[in-house]
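Asks: I am attaching a structure below and will ask some questions about it afterwards.
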Amino acid sequence: MAAATRRVFHLQPCENSPTMSQNGYFEDSSYYKCDTDDTFEAREEILGDEAFDTANSSIVSGESIRFFVNVNLEMQATNTENEATSGGCVLLHTSRKYLKLKNFKEEIRAHRDLDGFLAQASIVLNETATSLDNVLRTMLRRFARDPDNNEPNCNLDLLMAMLFTDAGAPMRGKVHLLSDTIQGVTATVTGVRYQQSWLCIICTMKALQKRHVCISRLVRPQNWGENSCEVRFVILVLAPPKMKSTKTAMEVARTFATMFSDIAFRQKLLETRTEEEFKEALVHQRQLLTMVSHGPVAPRTKERSTVSLPAHRHPEPPKCKDFVPFGKGIREDIARRFPLYPLDFTDGIIGKNKAVGKYITTTLFLYFACLLPTIAFGSLNDENTDGAIDVQKTIAGQSIGGLLYALFSGQPLVILLTTAPLALYIQVIRVICDDYDLDFNSFYAWTGLWNSFFLALYAFFNLSLVMSLFKRSTEEIIALFISITFVLDAVKGTVKIFWKYYYGHYLDDYHTKRTSSLVSLSGLGASLNASLHTALNASFLASPTELPSATHSGQATAVLSLLIMLGTLWLGYTLYQFKKSPYLHPCVREILSDCALPIAVLAFSLISSHGFREIEMSKFRYNPSESPFAMAQIQSLSLRAVSGAMGLGFLLSMLFFIEQNLVAALVNAPENRLVKGTAYHWDLLLLAIINTGLSLFGLPWIHAAYPHSPLHVRALALVEERVENGHIYDTIVNVKETRLTSLGASVLVGLSLLLLPVPLQWIPKPVLYGLFLYIALTSLDGNQLVQRVALLLKEQTAYPPTHYIRRVPQRKIHYFTGLQVLQLLLLCAFGMSSLPYMKMIFPLIMIAMIPIRYILLPRIIEAKYLDVMDAEHRP
């Protein structure tokens, strides 16, 4: 059986698409002309009892193109002889046309369509049907019962048949293929991505007297085939074929499809409860679309669409004149963020879209994610500084710095934390003070003051613009370096536990104690004879095999510590991924995922503290400070020592500058859909002010933490799922940009000072090490460097269809990966060196990656391939 089938794709470029990629498909992003397609009307007269088939869509590659899919199929029956010879094969003819989004500002018909249809549109909320047939039948019955829809000559069965096209042999059963649909699709350099949560179906019929619209919202996402795996909304547009060009079914469908193409708008519709709220959301969306002056709605557009949204990356490298206006960036940041400051406290608390539950779970997550590393690094600083900076001071500094940043920062989603590189720097300062007989508190304070001075200069001269030179590949190297430091800290801590308990040190202490007891007994009197003395020696100096209890205790401690660490990692990561599982209710899955870290920490802390009481576990050291807020005597240092501190402060400022801006850039990434703007320069100045106070009082420094800040954004995000090639992908709809979560977490961290030493000492060190592994593992998601390293271990047939694999020769990919690994090893060699003075210059190695990327790598790999591999990948 043969069939003449036509499938029409309407393409529409994104609003921010400069030019198309060099792949030969398109050369620019201007609008393309299209012809009106009216041939589908003739099918009404030839409908019969045909079967149906499915068709696969074509893949279109290009940069930042969004297009609609309009499927229109026509059937011509053939004889059974052709069917027998063809073996049931059908022919599918595919063509593409461009369909622009409706411009609500310029096209008056868009307003009239929406206002007219809202008065009589049929809205079906919470539809429980699972099949497409049942959903459409429910919508048609609702349409027929509506008194405003007077269509006496309309045959619902014929109308139902008009919605589908048969494309198969009758004896093989019916597989429905919709005749005419519109579906939102975005095509970028990384491939094609369908908006699978909505589907607009078009039908024309001569018996209809006027146009009608029916919208159905499904209770649960339904899988209706390829590229329609998560459908929540169905828009049905019915119209007679003979209409003015501005009133056709296609124009009406284009109006509603334009509105539903906004992911934030679809989320609002999911939150409505009544038909009136549903229609109010439609009117509100029309008003937002009207306020947009040029082109379609940007993906970030939300309720406050008039907010100026600075770009995540500057399209061109900064010029010298960009750094000249003193304090210009700070003034612009304050002007951008200050008008929205009250909303940072009221969003999610006041209004319709409340998110109190999400705020509570996110606050608990941040509390544990900040407190436990603070305890771990505080314990490390206590060992490295001989108690000058201990756990108590580290918790106090974390609470104070976090509170100030949560209250006054321009981007409160960024989380400040003391980190492993800072602990390395503090250790270097202690070594220098011991070598040159300097007062640690004074030298530490001067180093921090110089660091803050340089950070303030960077902020006033707008040096954050330099971060636009950091490519994705450079960011991935630094991010992976941070993850490696977490893993290394966990491994080193576990090795220390095994060295202390599993191997000979525990027994050495045991023998020492027994020997001292023997000496004391031998001095009791000379009346003991030689045989008794020999017996005592033999008893107390027994071999290790004769001390089963002692040996068992030490080995049990080491093995249990390893199991506790791995168990914390396993439980935390399993719960973190639990929201992707099919078990339990979606709300329960989301809560378990948000509270994964607290649950894992509390569970294994209780297991180690109460389940194995007889086994000694390694705990962090706590020595309460008599005066934790004593100010350093900065005047006691000589001018030469102050000058030396300036050099250390400059190198430290490089680390702060890179970490702060890099993490802030990851938080403000376009895929996170933040709407309140950025404040790179002001946040850098605020960071300098905060660390000035911490330096004077001998508290540990803090800066933006990775991956805590991106995880904070993720915890506050509403996501929409889509299914492609059997994999579930999440797209962020919006993020609750609030100060309450980081503010609450900082308050809880400060109150934790009251929990020292008990019950915080119930948290053993292996749980802290498990936390480090959890943070390192979760930070690897989406890291292309890790994915490309994994390609070396896979056979070529198992390579994923990513954009760089399709567009870059395989050898070039491996060359680029190898060069990245070499840079990572160089960074690790300096940052993790056993020589203290080598650790000081690893921030310069980070800066050196900029000329390596722009000067050295293009000499080895073509620039066009480098640009592809540095592009964002969205599956």
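Residue positions begin at 1 at the first shown residue.
Cβ atoms here come from the backbone N, Cα and C positions, even for glycine.
Annotations per Swiss-Prot:
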type: CARBOHYD; residues: Asn529; note: N-linked glycosylation site
type: CARBOHYD; residues: Asn537; note: N-linked glycosylation site
type: TOPO_DOM; residues: 1-358; note: topological domain 'Cytoplasmic'
type: TOPO_DOM; residues: 382-394; note: topological domain 'Extracellular'
type: TOPO_DOM; residues: 409-413; note: topological domain 'Cytoplasmic'
type: TOPO_DOM; residues: 431-443; note: topological domain 'Extracellular'
type: TOPO_DOM; residues: 468-475; note: topological domain 'Cytoplasmic'
type: TOPO_DOM; residues: 497-555; note: topological domain 'Extracellular'
type: TOPO_DOM; residues: 578-590; note: topological domain 'Cytoplasmic'
type: TOPO_DOM; residues: 613-640; note: topological domain 'Extracellular'
type: TOPO_DOM; residues: 659-683; note: topological domain 'Cytoplasmic'
type: TOPO_DOM; residues: 705-734; note: topological domain 'Extracellular'
type: TOPO_DOM; residues: 760-765; note: topological domain 'Cytoplasmic'
type: TOPO_DOM; residues: 784-787; note: topological domain 'Extracellular'
type: TOPO_DOM; residues: 811-815; note: topological domain 'Cytoplasmic'
type: TOPO_DOM; residues: 833-836; note: topological domain 'Extracellular'
type: TOPO_DOM; residues: 858-875; note: topological domain 'Cytoplasmic'
type: TRANSMEM; residues: 359-381; note: transmembrane segment
type: TRANSMEM; residues: 395-408; note: transmembrane segment
type: TRANSMEM; residues: 414-430; note: transmembrane segment
type: TRANSMEM; residues: 476-496; note: transmembrane segment
type: TRANSMEM; residues: 591-612; note: transmembrane segment
type: TRANSMEM; residues: 641-658; note: transmembrane segment
type: TRANSMEM; residues: 684-704; note: transmembrane segment
type: TRANSMEM; residues: 735-759; note: transmembrane segment
type: TRANSMEM; residues: 766-783; note: transmembrane segment
type: TRANSMEM; residues: 788-810; note: transmembrane segment
type: TRANSMEM; residues: 816-832; note: transmembrane segment
type: TRANSMEM; residues: 837-857; note: transmembrane segment
Asks: Which residues of the chain, 6 or more past the ends of the transmembrane segment (591-612), have a CB below 8 A from one of its CBs?
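Replies: Same-chain contacts beyond the ends: 357-358, 361-362, 364-365, 367-369, 372, 560, 564, 567-569, 571-579, 584, 715, 762-764, 766-767, 770-771, 774.
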Asks: Considering only Cβ pairs within less than 8 angstroms, which of the stretches 359-381, 395-408, 414-430, 735-759, 766-783 has the most against the transmembrane segment (476-496)?
Replies: 766-783
Asks: If you run through the topological domain 'Cytoplasmic' (578-590) with DSSP, how many residues end up as helix, strand and coil?
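Replies: Its residues fall into 8 helix, 0 strand, 5 coil.
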Asks: With the transmembrane segment (735-759) as the reference, which stretch in 359-381, 395-408, 641-658 has the largest tally of C-beta pairs below 8 Å?
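Replies: Counting Cβ pairs under 8 Å, the winner is 395-408.
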Asks: Which of 414-430, 641-658, 684-704, 816-832 has the most Cβ pairs closer than 8 Å to the transmembrane segment (395-408)?
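Replies: Between the stretches 414-430, 641-658, 684-704, 816-832, 684-704 has the largest tally.
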Asks: Given the transmembrane segment (414-430), which of the listed stretches 641-658, 684-704, 816-832, 837-857 has the most Cβ pairs that are under 8 Å apart from it?
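Replies: Answer is 684-704, with the largest number of Cβ pairs below 8 Å.
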Asks: Suppose I define contact as three or more CB-CB distances under 8 A, residues 6 or more apart in sequence; do the transmembrane segment (641-658) and the transmembrane segment (816-832) meet it?
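Replies: Counting Cβ pairs under 8 Å (6 or more apart in sequence), the transmembrane segment (641-658) does not reach the transmembrane segment (816-832), since there are fewer than 3.
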Asks: Please indicate, using numbers and ranges, the residues of the same chain that are 6 or more beyond the topological domain 'Extracellular' (382-394) and have a C-beta under 8 Å from a C-beta there.
Replies: 374-375, 418, 423, 426-427, 430, 440-441, 444, 620-625, 628, 698-700, 753, 756
